[in-house]
Ligand code: SF4
């Protein structure tokens, strides 16, 4: 076949695809819902520029003021001992390992106090599934943080940890959650979702809470009144269809509870993990941007979609803001899990404000309830970025 004929066929295919996707565009504009096939077509077939344009259009419809929010938070891990041994995790240790640890409430509170001195307003508190940690210690951690930093928002314990704690204590998930509620907790991080299909979980995290357990903790939490985030870790053994199944499961639950505040994706970092023997490279940043755009379009009942400088890189984080995301995640004062996998990212509030402004948005510092606390100056309009050199 001649090159000219190949180009003609490619152009014809692209035109057909574009035509099909213009039907998808009318789906976005008429506020009807993407079904599973349409969602999969968005992820796999729509040209990147068109996908970003559709997602950005939807983001601007919801947030016409061009603000991008971020939170200053800290992410101490109270223990790195974990019996669940997920194959993608470089953070967990066995109880007898030299570098295994379990923080006392006083040690944890001190690390949070130091983060508060650096401006943190939220502590995202998670740890390994350590059988010696009981619900009493969880509550002691919360009290110690409150005593040391009365204004700090405590955002603790992923659904996977809560399911593990309920099993360990031989009480229901609802009882664990009620104890947290009585301790004043109102928001829960949505960690441990990975990919919400049993096939993937059997391969990468066979001992972790399954799909129904993870969703069940969120459903129960939402029923009590908690707000939670929802995460997704992609870029390992999942298929495109499984990414869409993950999104649709979140959308279905959100239809009935309205308890999710935001969707937060990140890619698997092979680093020093067992799974790295099979998955050697992290996903390309373009994949991250596509997933953000698809999430903005498919998760039509989620308010916030997060793009982050932290989980990927600065450029991918900025492109995510042009592909439907309205939130830039956290300026982490302390973080261990990604760092253990060889993914070390640090930035100050000034750095993050600059990154957001350079992407063309107005930075807004928020709290964990997505309430804006400070608004920074808007960026200069494009093309007016300073005097010409003399
Ligand atoms: S990801 Fe969490 S549950 Fe899985 S091994 Fe690591 S610390 Fe344990």
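Glycine is treated like the rest: Cβ placed from N, Cα and C.
Automatic prediction, not curation, is the source of TrEMBL annotations.
Annotated in TrEMBL:
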BINDING   82, 86, 89  [4Fe-4S] cluster binding site
BINDING   88, 194  S-adenosyl-L-methionine binding site
BINDING   158, 308  (3R)-3-methyl-D-ornithine binding site
DOMAIN    63-301  domain 'Radical SAM core'
*Looking at the binding-site residues 82, 158, 308, whose Cα is closest in space to that of residue 194 (S-adenosyl-L-methionine binding site)?*
158
*Setting 82, 86, 89 aside, what same-chain residues sit with their Cβ within 8 Å of the center of the Cβ atoms that define the [4Fe-4S] cluster site, listed in sequence order?*
84, 85, 87, 88, 91, 92, 128, 129, 205, 208
*Which binding-site residues from the set 86, 89, 194 come near ligand 1, judged by a Cβ under 6 Å from any of its atoms?*
86, 89
*asked:* Can you tell me the CA-to-CA distance separating residue 89 ([4Fe-4S] cluster binding site) and residue 158 ((3R)-3-methyl-D-ornithine binding site), as a whole number of Å?
replied: 15
*Compare the Cα of residue 88 (S-adenosyl-L-methionine binding site) against each of the binding-site residues 82, 158, 308 and report the nearest.*
82
*What is the interatomic distance between the Cα atoms of residue 82 ([4Fe-4S] cluster binding site) and residue 158 ((3R)-3-methyl-D-ornithine binding site), given in whole Å?*
14
*Counting every protein chain present, what is the number of Cβ atoms, excluding its own, within 10 Å of the Cβ of residue 86 ([4Fe-4S] cluster binding site)?*
24
*Across all the protein chains here, work out how many other Cβ atoms are within 10 Å of the Cβ of residue 82 ([4Fe-4S] cluster binding site).*
24
_Are there any residues at least 6 positions away along the chain from residue 308 ((3R)-3-methyl-D-ornithine binding site) with a Cβ closer than 8 Å to its Cβ? List them or say none._
264, 266, 317, 320, 328, 329, 330
_Given a separation of at least six residues and a C-beta threshold under 8 Å, show me what packs close to residue 158 ((3R)-3-methyl-D-ornithine binding site) in the same chain._
126, 188, 189, 190, 191, 192
